[in-house]
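Q: Okay, handing you the structure first.
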Amino acid sequence: PRAPGAAAAPRREAAAQVGFRAALYFLFLREFQQADIKYLSGWNQWKRSSRKSWKKVFDEAKEVLSYLELWRHDIHSIEGKFGTGIQSYFSFLRFLVLLNFVIFTLMFSFVTLPSIISKYGIFNSSFDEIPAKSIEPHCTVYTPSGNKGLIYFYTYPKDLLSGTGFLEMTSLFYGYYTIDAAWISIFRYNLPLAYLLTTFAYLALSLLWIIKRSVEGFKQNLVHDEDQFQSYCNKVFAGWDFCITDLNAARLKHRSLQYELKTDLEEERLKQKIADRTMKDKLRIYSLRIFLNIIVLAVLSGCFYSIYRATVFSQGNISNVSIRHDIRTNSNLLVQYLPSIVITLANFIAPQIFSVLIRLEDYSPAFEIRLTLMRCVFVRLANIGVLLFSLWSQISYCATEKCKACGYNYELYPCWESQVGQEMYKLLIFDFIIIVAVTLFVDFPRKLLVTYCSCKPVQWCGLQEFGISDNVLEIIYGQTICWIGTFYSPLLPAIATMKYFIVFYIKKISLIHTRKPSARPIRASSSNFFFLVVLLIGLVLAFIPLGISIAHIPSSKACGPFRNFNTSWAVVPHTILGFPTGLQKVLYGIASEAFAVPFFMVICLVMFYFIALAGAHKRVVEQLREQLVMESRDKLFLIRKITEAQKPLD
């Protein structure tokens with residue numbers, strides 16, 4: 001008989017040979033790289049060493065800056081306890097806080113600060129207010145509704161909620177910016193042009209930032225969806241971070257990986273369930289989905305009709321009064337705020353109905369979020385559209401010659417931009433109030449009932465789930481309001497920044513103490529990408545009312561920086577007329593069809609080239625993947641042959 005260690009001897013020798021070969025390979029690779037460096041010229045060696053040094057500096061700086069990232073520890077803790085799906089919501093909320101802060105910085109630096117400096121004569125500055133020319137005198141009358149005479153105790157809270165009273169002529173709203181030019185030393189600052197260009201700048205910045213993040217999310221989503229087996233291998237064999245030394249961080253990472261694997265298994269289970277459906281099951285589920293979608297359409301129609309009737313009723317009562325001061329003091333407060341209240345209620349009730357219906361439709365968790373978001377988007381964004389359409393129909397309605405001379409209803413809306421800004425302000429404030437009220441008066445009492453009441457109905461209801469789609473839509477709705485309202489209320493992004501900053505902690509406390517995570521795991525890679533796509537839809541929809549307002553609706557002649565222009569856009573050609581003749585011809589040539597058509601054709605050719613290049617790269621990747629599969633099969637074949645050859649030795 002053979003000795004006990006004799007069978008293991010060939011295996012040890014084979015392992016030693018493999019280790020020796022690996023060491024030789026790495027030694028040869030290192031010698032090859034060093035030899036390659038020796039044969040490089042001095043300039044190339046310096047470039048290579050400089051590139052490595054700068055890369056090291058950038059990596060270290062990036063690592064240091066990561067510790068300064070807002071809510072870094074909180075978001076990692078949420079990811080470990082509740083999974084990447086809920087973590088994606090809080091990361092998305094952080095992105096909107098940073099975006100609104102940057103927008104506020106732009107508006108404050110280029111619009112608000114020059115106005116304040118010039119009005120108060122700071123840095124020996126001054127300002128110009130050009131008197132209106134060829135404008136009817138009655139169009140320039142504007143008497144803001146300030147607090148005059150006896151002030152009741154509820155006046156200031158009402159003004160804070162509605163943006164009226166003492167807030168109306170502050171830098172918060174459009175009517176405050178009446179300066180045509182600010183003089184700082186010998187430098188002339190064109191405020192109307194700066195106001196318009198800053199508006200374009202924050203919209204373009206938002207678009208580019210969202211597209212950049214969407215592309216990053218799309219890459220992750222594409223890599224994940226390409227090969228499910230690869231995803232499992234990455235998590236099992238390469239998912240752990242060996243730089244983790246803290247025990248709590250290790251636990252969070254362990255929970256995060258466990259949650260992601262659970263999500264993968266849940267998706268595979270649903271795919272298998274869908275594949276095993278019989279024709280009878282398919283007929284039943286499709287019939288149920290058709291019936292539930294009819295209910296969804298009925299809910300959407302009811303919301304739109306309610307908003308329309310509330311807006312018409314509110315504006316109809318206001319239009320019966322001819323003097324704006326009487327509107328502010330004598331109108332019923334409930335009637336004045338009726339559109340905002342109805343919109344807020346519709347935004348609160350409709351998602352609750354959709355979240356109940358979506359559970360009956362038997363979709364995957366990721367598709368469930370997407371479908372619910374798209375349904376709720378129609379409710380919330382269409383509500384804003386209905387409100388703006390109703391306001392602009394009242395603003396543009398003119399029944400007299402004096403009104404037609406102004407181009408808008410000057411009696412009801414002498415400064416209609418501030419009026420629209422107040423509506424956006426009210427929607428943003430009411431949305432925040434609803435978020436706080438639901439947490440305090442719905443979630444906390446429900447938590448207490450579930451904890452201390454043993455009644456079966458209460459226990460059957462349980463805690464409210466933390467619905468990602470509902471919460472994401474709340475902040476997308478608020479962000480769309482902010483994009484639209486910033487033109488009419490330049491400091492609205494500052495309010496949105498503070499709102500989302502507070503909402504982060506409210507939602508965190510609600511998640512930890514009063515709600516429970518969704519019973520169905522949700523993947524973050526697809527959620528992040530889809531959240532940004534819906535946010536991009538909100539931004540595109542914000543372009544429409546702003547474009548109509550800037551280019552089509554006559555600007556107010558009694559307030560604002562564009563009171564001397566027919567529309568807000570008219571400041572651009574007026575400014576171009578002051579340029580040299582050659583530059584004017586160049587700009588007009590760029591804006592002409594002779595330049596636009598060839599430019600569009602070139603863009604199309606470039607786009608087709610990149611599409612073809614992407615297709616070629618995709619085919620190469622597929623071929624490389626097939627080669628990897630073939631190599632893995634060859635390795636399995638060799639291992640099997642080695643095992644068969646070692647059996648006689650055993």
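Note that Cβ sites are derived from N, Cα and C of the backbone, with glycine treated the same way.
If you look up TrEMBL, you'll see 95-117, 193-211, 286-308, 337-360, 372-392, 424-442, 529-553, 595-616 marked as transmembrane segment. Annotation source TrEMBL lists domain 'TMC' at 415-525.
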Q: Can you name the far-off residues of the same chain, 6+ from the ends of the transmembrane segment (529-553), with a Cβ under 8 Å from a Cβ of it?
A: 88-89, 92, 196, 199, 203, 206-207, 210-211, 213-214, 217-218, 220-221, 366, 369-370, 373-374, 377, 381, 385, 388, 392, 395-396, 408, 417, 420, 472-473, 476-477, 479-480, 483-484, 487, 567-569
Q: Summarise the domain 'TMC' (415-525) by DSSP state, stating how many residues are helix, strand and coil.
A: 86 helix, 4 strand, 21 coil
Q: Under 8 Å between C-beta atoms and at least six residues away from its ends: which parts of the chain pack against the transmembrane segment (372-392)?
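A: Sequence-distant neighbours of the transmembrane segment (372-392): 296, 300, 303-304, 307-308, 311-312, 315, 339, 343, 346-347, 350-351, 354-355, 358, 416, 419-420, 423, 427, 469-470, 472-473, 476-477, 480-481, 484, 530-531, 534, 537-538, 541, 545, 548-549, 553.
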Q: Cβ under 8 Å to the transmembrane segment (286-308), counting only same-chain residues 6 or more beyond its ends: which ones?
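A: For the transmembrane segment (286-308), the sequence-distant neighbours (Cβ-Cβ under 8 Å, at least 6 residues beyond its ends) are 339, 342-343, 346, 350, 353-354, 357, 360-361, 375, 378-379, 382-383, 386-387, 390.
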Q: Any idea what the model's mean pLDDT is for the domain 'TMC' (415-525)?
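A: Here the mean pLDDT over the domain 'TMC' (415-525) amounts to 83.
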